[in-house]
Ligand SMILES: Cc1cc2nc3c(=O)[nH]c(=O)nc-3n(C[C@H](O)[C@H](O)[C@H](O)COP(=O)(O)O)c2cc1C
Ligand SMILES: C=C(O[C@@H]1CC(C(=O)O)=C[C@@H](OP(=O)(O)O)[C@H]1O)C(=O)O
């Protein structure tokens, strides 16, 4: 079983993740992991904090001469802005944050709970997902995330007709990338407000048969939804058509099935072709070989420079919500986070399916199960 835990506070000395069950034999590609961390730090609308941090992964365990051993892998990120013990207790809780419910739940101040709830933790989740990508790429599985919509303005969708890597670079919203969206972020900032958006992740190259229909907690769509929904500020998750499916008749939701007799032996889909992908690559909790499409809505950031109404925790009298500094928009960052969180869940499903302790074992099982499925189809109806 591939799993991980994270630890660390936003302004503590460091953030740590322990990844358990990661197979042996995979060469650590630091450039890939640090590249993902850099992508997460980018995007138009981020606040001052990103100018202070330079996220680079430190690997404290689980490798030997740069190759994974199968032992738990410790990933660490240093916080440059480490000042936890010097930070003051906010006088008033911020709506949209853990501040009120968390300090009652844990009987602490607001600082203790907000530090752990902070999306600073998503840096670790990206590092863990990037590690997972090192396994996925060995099997030809690619994961890409991008922005679909920001502040209600549509961004160009990714074309399904092109190989995913060539179709579109990640939509990072550097200044000038999309004048309408950049202007909307600038306007929100000037008003002391913030913007949210919709991000999408597409996984290509998945074998048929990740997840299972047989039990609720083994369903791949359910696992993806849990993982993505757990990301700070994500408020909705869809697979394929998602919510839109409810508005259409069945004939416009169900993906027809065809078969192409003339397909290569290595074809992941054994010649089966689907002209549409409304299911988003998952039917009955199981990957069906089509691209997996996960969409998520990210709420606008709740900490407002214009300071929303709140109350003083000591006197209970009205006092605007606390404000120190904040992002105005972190939707591009969310696209990178969702992408890497999805990558991890796909890798976990791979490790589970192929019961793999090593990369070699996973590759052998991958090939053997493909052959088994092909024989199953070729001899269909002949077995007693
Ligand atoms: C990449 C990223 C950056 C974020 N930056 C901020 C921020 O600067 N200020 C803030 O108030 N919330 C920020 N958030 C959102 C909060 O972490 C989140 O809303 C809060 O922890 C409450 O969790 P919930 O919205 O999931 O209920 C950010 C979220 C993400 C994904
Ligand atoms: C540090 C990160 O995001 C932070 C997430 C966050 C929050 O409340 O979630 C609040 C801000 O932190 P600070 O108060 O230090 O400016 C963001 O900068 C990061 O993404 O690396």
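Cβ coordinates come from backbone N, Cα and C, glycine included.
The NADP(+) binding site annotation in TrEMBL covers 40, 46. Annotation comment: TrEMBL describes 116, 117, 118, 232, 233, 284, 299, 300, 301, 302, 303, 325 as FMN binding site.
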What is the total of other Cβ atoms whose distance to the Cβ of residue 116 (FMN binding site) is within 10 Å? 17
Given the binding-site residues 40, 46, 299, which one has the fewest other C-beta atoms within 10 angstroms of its C-beta? 299
Which entry in the list of binding-site residues, 233, 301, has its Cβ near the fewest other Cβ atoms, using 10 Å as the limit? 233
Please give the maximum pairwise Cα distance, in Å and rounded to a whole number, for the FMN-binding set 116, 117, 118, 232, 233, 284, 299, 300, 301, 302, 303, 325. 45
Under a criterion of Cβ-Cβ distance under 8 Å and sequence separation of at least 6, what residues of the same chain contact residue 303 (FMN binding site)? 94, 96, 97, 194, 321, 322, 323, 326
Where the criterion is a Cβ under 6 Å from an atom of ligand 1, which of the binding-site residues 40, 46, 116, 233, 301, 303 meet it? 233, 301, 303
Looking only at the binding-site residues 118, 233, 299, 301, residue 46 (NADP(+) binding site) has its closest CA neighbour at 301
Neighbouring C-beta atoms (10 Å sphere around the C-beta of residue 118 (FMN binding site)): 17
Among binding-site residues 40, 116, 118, 301, close to ligand 2 by Cβ (under 6 Å) are 118
